[in-house]
């Protein structure tokens, strides 16, 4: 068996080549994204700068790649102080909620000398992708960075595209600073994901990449998955309102539209037991749409993915909601809390008529990054747990192992794994001769 | 806006077509696997039976597709009663450990009338894939089924290939019965994954699929990911032993070989601060290999992926172990528990000289399905949490929302989301006129 002496000189060689493992298999990926990833992997910063010149029309170098403290100070000058104030208020709530999600390491012992446990360790370095352009949402910066920092992640590396002058959206910078992002690099697209996944001269390699992005970002995240972890790939936003005759149709309509305005592909669905409410909500939707600034998007979203379903019973309505498994679910019914107990599948459940969905987007504290496209059947909101990993701890004393060693050997032999059995037996070989 | 009345007749139509959402994008997948998946999705049982005839040479029909109670009773006749006994002993430990992982739903309230919380809901139905042939391990059945049942999953659907007589490995059936699998279908390969992911006339559609398999199974799991959840795709097994001059070289060598015997691609690595131990372990590895039944596999694995690294200090050894991020890590050093505190990245940590790795494979209780290929940097052992999902709960009273409603409107307007702002403002429109 090979013996290699570790030294300062061979450290990298050891980890990269000597301790090589059988490579993981990946399916073929979208060609352009693969090419970008390979190029960034091979050429580091140079490739990143090349793509940024091509796609974002910005000239970057090692000197202006990372956002400086001066740029952040400048961003504070440009942002409405009222927004800074709201961000700070929201952060108190967001931190407070995520703090409650933290899990402790634990152990369990027996007097025979066994110790079993679960050690919780934060990931060391995490990447947060923040889209640029029209979809630059400071609230999403808070929702991605806070759970990572609350989990104890040492370094949160943010990437976000800059404009052709090399400038980043100031509200995004302020939100990043307030939330505690450690470093910010001016890069977007698949090249940002590749830089985070493999590291470059400037960008450190991370353990996990989170945050929404366009199709290139989504494909790149899928391609690097396995080398790093990723969050789930989010689809268009959705709202499902469960309402009965006690609901206020103006509130229902306004809430449906709050999601419809996100995207022409967004879903806004009402399931109600009241035909009267159905009609009133439909009228209110028309009326509101006329006066809202994003009415073009809203109209397309409502026409294509909007729907009011009239159910014949409360149970039928609840069943349909569980089957749809919506990202956001609002309940405005006579017994909203009782109905909540019957909801199996939903990202976030807003209970009662003053719990409008945007309350959750911005302020209440729970994360607004939620499972879409029916994945609430098996996925959860982004949370502190997404930024830690666990290790099992196993310790047996000689006495404890001796008591059961023959059981283990028996099990191993049944599976024809004789070296497994041998590794236990060798500890008791002398006394059994 | 469309209004649709729910009825018994249109229920399916509503969920499948009327409530349609923008489809998710998936990258291209291995052609054959995609074809199998599409065929099973379109033709259900008929396609499954066709592939089973082709790949497993077994003739299945709706009558003999599902394993019956009689077949399970027959399996108990065929299995060594001593194995049944060991399985039951191991199950006590495995259930006990996983029971401790269960998380409660929680809420937090303020007297202003706010309620925030996290509701934990088990997944409704989960699929467990169990490979057939030489890699049929009853211990893996226990490790996949127990966390699902402990989480509260209503139905655990197992699939496993049968032989040409339509018979399933009896030890696998006994383990499944003991662990509490609810239904078992005789199908393997990509067709099993497709049946679980989309459902057929016989096999119910599940929310998540777990369990190891060959390359077709792995690709199929990757392809259906998003439609259902999956566990991480495991690479070859690995062991890393951290040892100093106090370690017993026979124990170290035996433990290295216990993983090497799994697979020619398995990794067995020792990192030690003692050159003397390095030499002794190398000799013991040679001696043991000669007498072990799987010596052909062991030799290839040790030659290709085995290594003994001699580090110049304990800290250097620990750093190298953290960088390797092994699936299994054994610590046999003077201060093994202190060294454990310095381990950031490992699937399971075995502390002390009587905590041999197979103890964890079979008996101690923690899960043996662990992150491989360095993914312990960001992945965790399979656990109860993998079979639940969370929903955020948000409730604000009128009073509570009134106090902060202008903050939310401000934030929404900064993001140019005026319908978001409107949904809050509409609740206070009368008093502000």
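Using N, Cα and C of the backbone, Cβ positions are placed for all residues, glycine too.
Because TrEMBL annotations are produced automatically, they should be read as predictions rather than curated entries.
Contacts of residue A:214 (NAD(+) binding site) defined by a Cβ separation under 8 A and a same-chain sequence distance of 6+ are given as A:131, A:189, in order along the sequence. Sequence annotations record features per position, and here TrEMBL assigns NAD(+) binding site to A:129, A:191, A:214.
A simple way to gauge crowding: the CB of residue A:420 (substrate binding site) has 30 other CB atoms within 10 angstroms, across all the protein chains here. As annotated by TrEMBL, substrate binding site applies to A:237, A:259, A:262, A:328, A:361, A:415, A:420.
DSSP assigns residue A:420 (substrate binding site) to a helix. Under the heading Zn(2+) binding site, TrEMBL lists A:259, A:262, A:361, A:420.
Non-local contacts of residue A:327 (active site, proton acceptor) by the CB criterion (under 8 A, 6+ apart in sequence, same chain) comprise A:237, A:238, A:239, A:346, A:347, A:348, A:370, A:371, A:372, A:376. Feature annotation from TrEMBL assigns active site, proton acceptor to A:327 (among others).
Long-range Cβ contacts of residue A:328 (substrate binding site) within its own chain (separation 6+, distance under 8 Å): A:237, A:238, A:239, A:240, A:259, A:346, A:347, A:348, A:350, A:357, A:360, A:370. Sequence annotations record features per position, and here TrEMBL assigns active site, proton acceptor to A:328 (among others).
Recorded residues residue A:191 (NAD(+) binding site) and residue A:420 (substrate binding site) have their alpha carbons 45 Å apart, per Cα-Cα distance. Its own atom aside, the Cβ of residue A:129 (NAD(+) binding site) has 27 Cβ atoms within 10 angstroms in the protein chains shown. Of A:129, A:191, A:214, A:327, A:328, A:415, listed as recorded positions, those near chain B by the criterion of a Cβ under 8 Å from one of its Cβ atoms are A:415. Separation of the C-alpha atoms of residue A:420 (substrate binding site) and residue A:129 (NAD(+) binding site): 44 Å, rounded to the nearest whole number. In sequence order, A:131, A:159, A:161, A:187, A:188, A:189, A:190, A:192, A:193, A:213, A:216, A:217, A:220 are the same-chain residues whose CB sits within 8 A of the CB centroid of A:129, A:191, A:214, the residues recorded for NAD(+) being left out.
Taking all protein chains in view, 29 other C-beta atoms sit within 10 angstroms of the C-beta of residue A:191 (NAD(+) binding site). Of the recorded residues, residue A:361 (substrate binding site) and residue A:129 (NAD(+) binding site) place their C-alpha atoms 18 Å from one another. One residue stands out among the binding-site residues A:361, A:415 for having the most other Cβ atoms within 10 Å of its Cβ: A:361.
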